[in-house]
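Remarks on the structure that follows.
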């Protein structure tokens, strides 16, 4: 790490002279020439100024969960009802938890903790089971090692390397908890210059995200051989990796909204025009791919981010939201026409919601208290890890479809489905408490931060909250979504590490 920090000034100088940095500077000079947006809608701002809903706090997730499940016309079983109530309540409890002040443990307890951990770790290897008893038990001394006064980077780097080797041999259930724990410790103790450099050069990050997204978007359409929205064959021919990478463009656009709204380089009306232009461009590009999820992501992300940085008026949030809903319904109708669906729009939406709720209900009864698949659904988000598991390598939603008896399609199972089938009701409680805690603290720190750090935090919170709201139906089981959550968590840990320990 010290070696990397010593060569960082050289890398920083080389990047400043690179074509990427020069192109980024030209791009932001170009958008400075954009005209001002002359119109404002503020008629109802006085009535809406105290609206908690339009402040986009994490509690909007609770409201959205209740609205989503109330739209279904199918009743839940007792176990499904329990999963819904416990999961929603757990999320709310998580939003109330503050970052704790934890004191470090004396160095003399390091060796006993290490011996106990190594003994349990060896037992985990001998008794390999998916997230087995000894794996779970070994996390207790591992936590004590992490809280020790001793600098344990050497231990956690070694643990990370060992478990990567174990993962490469196919034992994902044994290695994944230790890899995750090691990465968390490393992020908590990281003091390098890379993150500070990114904060000081946010414009480069935005440009790189948008450029990569646009490049992969064009390549994806070339591979597909047509416009996926209007051509079913082209939609089926999209490359999954290229499609995922193309989503970097709307992510960059949301960060751009945060950037122009919080820096002093753009007048208010010009910042509004830039935000509207790139929001509409992102909506158009994502709509052509034929996936409603990304259209909703762009719309929600732009609304949340623009609201937090003060670009949108309260009245405009209502107008944009209604307009976006109408556009989304139009997109749904266009796709249904292409696919030959003959049911009404309302009936189609209700059927989709009811099917999702039914699948969650089945999974709740299968998962019970402690779960059935022991993390396999979440591990399958990465194709390589999915291939390490026995049997056919399915994606998470395809695996869920197989579990409920449908082998020809993939299905959604709500935000609770993957948790309850993997880890049971215990997993629903833990997962939703953590999600509520994560979103709540990310929101608070984004609200309190200043300068360039606030730009990144507002952008990340807008994207994480957007994907969480979308995940109420789809579940949080997409690789790009989990990566975004991990990056946001890592950044949050980097910021608050001195407050925690």
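If you go along the chain as it appears here, the first residue is 1 and each next one adds 1.
Every residue gets a Cβ built from N, Cα and C, even glycine.
Feature annotation from TrEMBL assigns transmembrane segment to 53-71, 77-97, 109-135, 155-185, 205-229, 241-261, 273-289, 295-312, 317-334, 415-442, 454-470, 476-496.
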Contact call for the transmembrane segment (454-470) and the transmembrane segment (53-71): at least 3 Cβ pairs under 8 Å, seq gap 6+: yes
Contact ranking winner - 109-135, 205-229, 241-261, 273-289, 415-442 against the transmembrane segment (53-71), Cβ under 8 Å: 415-442
Same-chain residues near the transmembrane segment (273-289), Cβ under 8 Å, at least 6 residues beyond its ends: 31, 34-37, 217, 220-221, 227-229, 235, 238, 243, 246-247, 249-250, 253, 256-257, 260-261, 266, 295, 297-299, 302, 306, 311, 327, 331
Contacting positions for the transmembrane segment (415-442) when only residues 6+ beyond its ends and CB under 8 Å are counted: 58, 61, 65, 82-84, 86-88, 90-99, 356, 359-360, 363-364, 366-378, 396, 400, 403, 457, 460-461, 464-465, 468, 471-473, 475-477, 485, 488-489, 492, 496
Among the ranges 77-97, 109-135, 241-261, 476-496, the one whose Cβ pairs under 8 Å to the transmembrane segment (155-185) are most numerous: 109-135
Intrachain residues whose Cβ lies under 8 Å of the transmembrane segment (109-135), provided they are six or more past its termini: 141-142, 144-145, 148, 150, 152, 155, 171, 173-174, 177-178, 374-376
